[in-house]
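Visitor: Below is a structure I'd like to ask you about.
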Amino acid sequence: MKFNRQVMNLDEFTIQDLKNYPGATGQLSGLLRDIGLAAKRVNVEVNKAGIADILGEAGKTNVQGEAVKKLDEFANDQIINSLASSIYCAGVASEENDTFISFNDEYSMNSKYVVLMDPLDGSGNIDVNVSIGTIFSVYRRLSPNGTPCTLEDFLQPGSQQIAAGYIIYGSSTMLVYATRRTLQGFTLDPSIGEFCLSHPDLKVPEDSDIFSVNMGYYHLYDEKVRNAVDLFMATDAKQKIYRHRFVGCMVAEIHRTLIQGGIFMYPAFGKYTNGRLRLCYECNPMSFIMEKAGGRSISAGNQRLLDVKPTELHERIPIFIGSAGMVTKVEEALR
Ligand code: AHG
Ligand code: MN
Ligand code: MN
Ligand code: MN
């Protein structure tokens, strides 16, 4: 019998999707479902942040030199705990931890996947009720199954990602993830507490009228970067008029870009000689997603960002990401 279903939830989708991959073991699907569950737990906390005692600083500084917020800490603990009890994850590296964690119980150690994550992105937005997110990235480990993870498992170039995704806690909560073959968006239906497929096979527009960069640092950018930014600043009313947006949360910038097109740039400046965003936790997963959507992502020297081999877990990197046409224009200005 054929049922006429309106929407599929995340579990149903990942299980249906397995049929497209003969020989698949379902481990990656299982891992994605576990991340989805952790995201729902974080979402509940995010949504009551105003009434629970969870706004504000945790009173610590993390390895990035940033003040840790209580929600940064909550999201980090929640997702690590979920991954630790999952049988599909061998280890995790997080923006909030000094180094990676290897889960050395029998099941986890036999898993082939490791996860890298930014548990709470845009945490400066928490206290003002503006969008925040979670970013994750999945690699196949290089160390043999049955042994503890090694640093090298986590330092693979982004092109080696098996999957990547983000959760945006915005006007609605969405989970967007890419595998090597697909990019899908799910919206949380709060009435049933499930992520439901709402944005199948996402594609980023080739061109758009939105650009996003922190203009406060404009005079600190080098000349080529200023030239790239100037491409989008009309000096004559007859020129194409671009709209400038800057939310202060990479997840929100990338989500808007996926839906409406545009370019998001986070160049190097001043003391941030490699920009501010992290290669492993932020830029690699978002670049994987953007390429899967048909967009592009480059770094300084016009290098494809996904080709960069990380040398350190917490390293930072300049990024220019979004609609292919707009990234190509910026690439010419940076040459
Ligand atoms: P996080 O909250 O995970 O530390 O990341 C915040 C990042 C990023 O999401 C955002 O684009 C950027 O910091 C904003 O930095 P500026 O306000 O310095 O531009
Ligand atoms: Mn941070
Ligand atoms: Mn972040
Ligand atoms: Mn963060």
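Sequential numbering from 1, following the chain as shown.
Cβ coordinates come from backbone N, Cα and C, glycine included.
Reproduced below are the annotations present in TrEMBL:
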DOMAIN    10-200  domain 'Fructose-1-6-bisphosphatase class I N-terminal'
BINDING   E95, D118, L120  Mg(2+) 1 binding site
BINDING   D118, D121, E282  Mg(2+) 2 binding site
DOMAIN    204-334  domain 'Fructose-1-6-bisphosphatase class 1 C-terminal'
BINDING   N214  substrate binding site
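A description of the local structural setting of each listed feature is requested, covering burial, neighbours and distances.
Guide: In the three-state DSSP reading, D118 (Mg(2+) 1 binding site) counts as strand.
In sequence order, I132, G133, T134, I135, Y166, C249, M250, V251, E282 are the residues near D121 (Mg(2+) 2 binding site), counting only same-chain partners six or more apart with C-beta under 8 A.
Mapped onto DSSP helix, strand and coil, the domain 'Fructose-1-6-bisphosphatase class 1 C-terminal' (204-334) counts 56 helix, 23 strand, 52 coil.
Around N214 (substrate binding site), the same-chain residues six or more apart in sequence whose CB sits under 8 Å from its CB are F246, Y266, listed in sequence order.
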Visitor: How many other Cβ atoms are found within 10 Å of the Cβ atom of L120 (Mg(2+) 1 binding site), counting all protein chains shown?
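Guide: Counting Cβ neighbours of L120 (Mg(2+) 1 binding site) within 10 Å gives 29.
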Visitor: Counting only other Cβ atoms and using a 10 Å cut-off, which of the binding-site residues E95, D118, E282 scores lowest?
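Guide: The binding-site residues E95, D118, E282 were compared, and E95 has the fewest Cβ atoms within 10 Å.
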